[in-house]
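Asks: Here it is, the structure, as structure tokens.
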Amino acid sequence: MKHLNTVMAESPALITIFLLGYLLSTECAVFLDRENATKILTRPKRYNSGKLEEFVRGNLERECIEERCSFEEAREVFENTEKTTEFWKQYVDGDQCESNPCLNGGICKDDISSYECWCQVGFEGRNCELDATCNIKNGRCKQFCKNSPDNKVICSCTEGYQLAEDQKSCEPTVPFPCGRASISYSSKKITRAETVFSNMDYENSTEAVFIQDDITDGAILNNVTESSESLNDFTRVVGGENAKPGQIPWQVILNGEIEAFCGGAIINEKWIVTAAHCLKPGDKIEVVAGEYNIDKKEDTEQRRNVIRTIPHHQYNATINKYSHDIALLELDKPLILNSYVTPICVANREYTNIFLKFGSGYVSGWGKVFNKGRQASILQYLRVPLVDRATCLRSTTFTIYNNMFCAGYREGGKDSCEGDSGGPHVTEVEGTSFLTGIISWGEECAMKGKYGIYTKVSRYVNWIKEKTKLT
């Protein structure tokens, strides 16, 4: 024993070796190997364990699920801004497209606290709920609209205009385009033109507007031969307002050898449109354009002689004085267009019907300012609402054919009147005025329960353009 103690005291290295050997011999009883240990206990490894995150490639679970991440951290994972943005929109506040809010086949794109619908062709609106064809709001076109074969809106403009950069608006290409007064006044507008398209729904409207207006030459206006004295040629504006100089530059007055007798409207530099019943064979007619106050010379007037009159080929005064009541006058020399002499616009048949259905046109002239009263000196104008056909038919014992329409006020007091015949009924559309009617006839003037009767211009648009060479 003494010898052993001496050896251990003198040989500490031997003791160390002995202890290590003992421990190694007992390890298998305490620890399992790596493979068996993982079968008993699994624990997710923390990705930031042992290494700096700045030096580890981005991982979506580490960056944005275990912890709240920033956009930049998410960008490290996707390494693409577009993909990161798509993820971020849902990550921040959930998927706004989950309820599928887009209608009519629209594709929903999620955004932060909102969403965006990518609409199919022909639809628009926040949820693609609106028909974007010409049926609704005229396809947002300011004048004419048509649908292409693939249901896209194609806007166009009348003569003297072209499409603006937005492909919706129309801008003039000539100094004095049709239907525009170039002199502006601070007073109120004649009509509420700015609301025309926004308030109209054209779906199936053309069926309601288009009419069967073929009338045989033998058709007779009921009782017209017996009661013609009760019909007054429309030559006045009762209850209207004084126009401003240049406010209605397409208006003309027709002078006979003795006095003025009818009105008319400028179609172009060489042609005037008026009522056929104003014309009498052999009469000499002088047209005065740029007129304002017929009792004064204002140096804006242009006087032209009529060298040819063309009543509509179906007009026959001996059979019916007011059916097809429209005529064209050819001037001896062209008018000089300026701020006081400007033509009215003439649309195609379809759009002339549509514009008429807007329901708010206006008439103008120097006719009598009250029933059986004096003739106006200053050009008058009056807004006249369109009257539905059923009401119009009930208001009179005379036949109202489909080439006519009624406009005016049931309460009376406002109307076109004797002396206004042949003048224009105009509808203003987004700041441009279009011819929609011709003042024709009525029972007395501004009587309660009676309306003014107008020639429906849409029936004669093709004829007007053919004869006056408008394209």
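Even glycines carry a Cβ here, placed using N, Cα and C.
Pulled the feature table from Swiss-Prot, pasting it below:
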{"type": "MOD_RES", "residues": "E53", "note": "4-carboxyglutamate"}
{"type": "MOD_RES", "residues": "E54", "note": "4-carboxyglutamate"}
{"type": "BINDING", "residues": "E61, E66", "note": "Ca(2+) 4 binding site"}
{"type": "BINDING", "residues": "E61, E66", "note": "Mg(2+) 1 binding site"}
{"type": "MOD_RES", "residues": "E63", "note": "4-carboxyglutamate"}
{"type": "DISULFID", "residues": "C64-C69", "note": "disulfide bond"}
{"type": "MOD_RES", "residues": "E66", "note": "4-carboxyglutamate"}
{"type": "MOD_RES", "residues": "E67", "note": "4-carboxyglutamate"}
{"type": "MOD_RES", "residues": "E72", "note": "4-carboxyglutamate"}
{"type": "MOD_RES", "residues": "E73", "note": "4-carboxyglutamate"}
{"type": "MOD_RES", "residues": "E76", "note": "4-carboxyglutamate"}
{"type": "MOD_RES", "residues": "E79", "note": "4-carboxyglutamate"}
{"type": "BINDING", "residues": "E82, E86", "note": "Mg(2+) 3 binding site"}
{"type": "MOD_RES", "residues": "E86", "note": "4-carboxyglutamate"}
{"type": "BINDING", "residues": "D93, G94, Q96, D110, D111", "note": "Ca(2+) 7 binding site"}
{"type": "DISULFID", "residues": "C97-C108", "note": "disulfide bond"}
{"type": "DISULFID", "residues": "C102-C117", "note": "disulfide bond"}
{"type": "MOD_RES", "residues": "D110", "note": "(3R)-3-hydroxyaspartate"}
{"type": "MOD_RES", "residues": "S114", "note": "phosphoserine"}
{"type": "DISULFID", "residues": "C119-C128", "note": "disulfide bond"}
{"type": "DISULFID", "residues": "C134-C145", "note": "disulfide bond"}
{"type": "DISULFID", "residues": "C141-C155", "note": "disulfide bond"}
{"type": "DISULFID", "residues": "C157-C170", "note": "disulfide bond"}
{"type": "DISULFID", "residues": "C262-C278", "note": "disulfide bond"}
{"type": "BINDING", "residues": "E291, N293, E298, E301", "note": "Ca(2+) 8 binding site"}
{"type": "DISULFID", "residues": "C392-C406", "note": "disulfide bond"}
{"type": "DISULFID", "residues": "C417-C445", "note": "disulfide bond"}
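Can you tell me where each of these features sits in this structure?
Replies: Cβ neighbour count for C69 (disulfide bond): 19 (other Cβ atoms within 10 Å of its Cβ, all protein chains included).
Packing around E72 (4-carboxyglutamate) is summarised by its Cβ count: 9 other Cβ atoms lie within 10 angstroms of its Cβ, all protein chains included.
DSSP assigns E73 (4-carboxyglutamate) to a helix.
Counting every protein chain shown, the number of other Cβ atoms lying within 10 Å of the Cβ of E86 (Mg(2+) 3 binding site) is 14.
For the recorded site, D111 (Ca(2+) 7 binding site), the DSSP three-state label reads strand.
In the structure as shown, the Cβ atom of C108 (disulfide bond) sits within 10 Å of 19 other Cβ atoms.
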Asks: Counting Cβ atoms within 10 Å across all protein chains shown, which of the disulfide-bonded residues C64, C102 comes out on top?
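Replies: Counting Cβ neighbours within 10 Å, the top one is C102.
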Asks: Determine, to the nearest whole angstrom, how far the Cα atom of C64 (disulfide bond) is from the Cα atom of C128 (disulfide bond).
Replies: 34
Asks: Can you tell me which of the binding-site residues E82, Q96, D110, N293 is spatially closest to C157 (disulfide bond)? Compare CA atoms only.
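Replies: Result: the closest of the binding-site residues to C157 (disulfide bond) is N293.
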Asks: I'd like to know which of the disulfide-bonded residues C119, C141, C145, C278 has the most other Cβ atoms within 10 Å of its Cβ.
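Replies: Top count of Cβ atoms within 10 Å goes to C278.
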Asks: Given N293 (Ca(2+) 8 binding site) and C155 (disulfide bond), what distance in Å do their CA atoms have, once rounded to a whole number?
Replies: 39
Asks: How many Å lie between the Cα of C119 (disulfide bond) and the Cα of E82 (Mg(2+) 3 binding site)?
Replies: 21
Asks: Provide the three-state secondary structure of E301 (Ca(2+) 8 binding site) computed with DSSP.
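Replies: E301 (Ca(2+) 8 binding site) sits in coil per DSSP, no helix or strand.
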